[in-house]
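Novice: The structure's right below; bear with me while I get my questions together.
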Amino acid sequence: MVSKQAFLFSLGSLYLSLLFIFLLMDVYARPANNSALKVETKEKATDNKDENEILPPDHLNGVKMEMDGHLNKEFHQEVFLGKELEEFDEDSEPRRNRRKLAAIFAKVDRNEDKQISASEMQRWIMEKTEEHFQEAVNENKLHFRAVDPDGDGHVSWDEYKIKFLASKGFNEKEVAEKLKNNEDLKIDEETQEVLDNLKDRWFQADNPPPDQLLNEEEFLSFLHPEHSRGMLKFMVKEIIRDLDQDGDKKLTLSEFISLPVGTVENQQAQDIDDDWVRDRKKEYEEVIDANHDGIVTMEELEEYMDPMNEYNALNEAKQMIAVADENQDHLLSLEEILKYSEYFTGSKLMDYARNVHEEF
């Protein structure tokens with residue numbers, strides 16, 4: 001006969017088991033999303049690539065400055081190699097890359113005199129910049145379809161907002177329902193700040209007369225401000241706003257070279273800081289400050305940022321030649337370009353001198 005103590009112990013164990021089962025049932029029976037904006041599973045968020053398609057990129061190929069005001073470290077390679085930039089990497093076979101570079105040299109050397117002049121380099125830079133422009137146009141067609149599912153050729157701010165939040169892992173259907181019913185959206189502070197900035201940019205891209213809708217061309221300007229004079233001005237204002245410390249809507253040298261917030265105090269960080277200051281000081285004094293009065297205005301920065309400015313392209317051509325022009329004849333030979341390949345391609349093609357004559 002079972003003792004009273006054993007019976008009570010068995011009853012207690014059964015109770016705990018049932019309680020555990022009920023708790024599990026409660027968890028799995030709950031809605032997958034208590035609030036309309038609760039983040040979905042990591043797998044789903046990771047698989048969602050829409051964010052890269054619908055967010056304006058920080059980096060713009062062929063533009064001298066990033067959206068955050070940093071100098072574009074790959075600008076020289078982008079305007080010299082165009083779409084072939086990705087083919088030149090550190091792991092590529094040097095002999096193959098030398099041949100690629102020689103083929104590019106032949107294309108730039110329009111008069112076939114075995115030398116590249118400033119005017120030839122200028123023409124080439126404009127062609128490569130146009131190549132980047134066309135690439136952005138082609139990509140925009142795909143990105144626009146992602147935010148225009150009904151295919152009516154126009155996208156409202158709310159439609160874009162839904163897609164943006166979905167790209168962040170929020171439930172798209174529930175967000176759409178909340179917006180439709182004018183219900184509050186519970187969004188974290190960081191995401192809301194991004195949305196506010198995007199909204200300002202959205203309405204700037206809405207060409208007059210404003211209808212709060214973006215067509216495909218306006219959406220291109222939204223993603224790529226370098227394609228629109230009006231959006232280029234907006235981009236310049238944003239950069240000056242972030243760098244201008246005294247609120248005069250102009251940039252002094254000290255404002256332009258100010259170190260990024262949160263600099264780490266160690267030797268490696270100090271070396272990075274030194275590079276930052278040196279590069280920005282050189283660019284400010286030699287290029288951006290066109291009249292060399294020690295002040296950069298919005299107009300000067302706008303001209304500097306314009307990738308289709310032929311005068312800028314000529315200046316860039318002269319600078320690129322000066323870097324590798326060892327004999328100071330204001331022209332570039334194939335040997336000089338190969339020797340300074342790291343500047344033009346981002347890859348150092350080793351043993352160029354030993355191989356150049358036997359290959360070319």
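Note that Cβ sites are derived from N, Cα and C of the backbone, with glycine treated the same way.
On a predicted model such as this, the values are computed, not experimentally measured, just so you know.
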Novice: The Ca(2+) 4 site in Swiss-Prot includes Asp289, Asn291, Asp293. Which of Glu299, Glu300 is also listed there?
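Specialist: That Ca(2+) 4 site, as Swiss-Prot gives it, pairs Asp289, Asn291, Asp293 with Glu300.
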Novice: Using a 10 Å radius around its CB, how many other CB atoms surround Lys250 (Ca(2+) 3 binding site)?
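Specialist: Within a 10 Å radius of the Cβ of Lys250 (Ca(2+) 3 binding site) lie 15 other Cβ atoms.
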Novice: Filter the binding-site residues Asp148, Asp248, Lys250, Glu255, Asp289, Asp293 down to those whose C-alpha lies within 10 angstroms of the C-alpha of Asp109 (Ca(2+) 1 binding site); answer none if the list is empty.
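Specialist: None, since no candidate lies within 10 Å.
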Novice: By CA-CA distance, flag whichever of Asn111, Asp150, His154, Asp248, Glu255 among the binding-site residues is nearest to Asp329 (Ca(2+) 5 binding site).
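Specialist: Among Asn111, Asp150, His154, Asp248, Glu255, Asn111.
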Novice: If you run through the domain 'EF-hand 4' (276-311) with DSSP, how many residues end up as helix, strand and coil?
Specialist: 23 helix, 2 strand, 11 coil
Novice: Rounded to a whole number, how many Å is the Cα of Asp325 (Ca(2+) 5 binding site) away from the Cα of Gln115 (Ca(2+) 1 binding site)?
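Specialist: One finds 11 Å between the Cα atoms of these residues.
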Novice: For the binding-site residues Glu120, Asp150, Asp244, Glu255, Asp329, which one has the sparsest Cβ surroundings, going by other Cβ atoms within 10 Å?
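Specialist: Looking at the binding-site residues Glu120, Asp150, Asp244, Glu255, Asp329, the Cβ with the fewest others within 10 Å is that of Asp150.
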